[in-house]
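Here's what TrEMBL has on this protein:
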type	residues	note
BINDING	Glu31, His34, Glu132, Arg137, Gln149	chlorophyll a binding site
BINDING	Arg36, Glu92	chlorophyll b binding site
Amino acid sequence: MVGASEETGGVFDPLGLATDETSLYRRRVAELKHGRVCMLATVGVLVQSFVQFPDPDRSAFSNTRPLGALFQVWRERPVILLGIVALMGLIELTIGREDYGSSEAEPGKLGDFWQAARPEDPQLWRRRQLQELKHGRLASLGITGMLAQELVTHEGPVEQLLKGDINPFHEY
């Protein structure tokens, strides 16, 4: 399995959560899926600071802070968030379904999606898979840090950088 022996010399599982091949495969699929979502969320937080949807009321979609925008949309237009959750559930039940019983397939493979971009060299492909895994882990930490920063300081990450406030927690 990609990433299982690069730094740790084997599968790093101190809690013993992946006791068999099936549970290890299921956890790797979940790690890749959540890593991909976190990579998109990290980019989304940064883009949200500069680009907003046009809103006639100039209310619900004008907030540039990630959590502030989420809570504001929930207060003003909860149907939108319910629609997003319903769409995520539909995607999970249809496209995102995985057969966790067979660990023959590559974890996180979405059919032939991006098949043309896959390199011919198997070593290069393993390296790209490891890069995706590590970038997903880093993005998980990054988005968690951005959201924690907003909870503490009530400002988005780009807002603080543009103010020149490099250390957002110096007052806390």
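All residue numbers here begin at 1 and follow the chain in the order shown.
Including glycine, each Cβ sits where the backbone N, Cα and C put it.
Please treat TrEMBL annotations as automatic predictions, because they have not gone through curation.
Structural mapping of features recorded in TrEMBL.
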{"residue": "Glu31", "record": "chlorophyll a binding site", "Cβ contacts under 8 Å, 6 or more apart": "Leu133, Gly136, Arg137"}
{"residue": "His34", "record": "chlorophyll a binding site", "Cβ contacts under 8 Å, 6 or more apart": "Gly136, Ser140"}
{"residue": "Arg36", "record": "chlorophyll b binding site", "Cβ contacts under 8 Å, 6 or more apart": "Gly108, Glu132, Gly136"}
{"residue": "Glu92", "record": "chlorophyll b binding site", "Cβ contacts under 8 Å, 6 or more apart": "none"}
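Among the residues Glu31, His34, Glu132, Arg137, Gln149 said to bind chlorophyll a, no two Cα atoms are farther apart than 25 Å.
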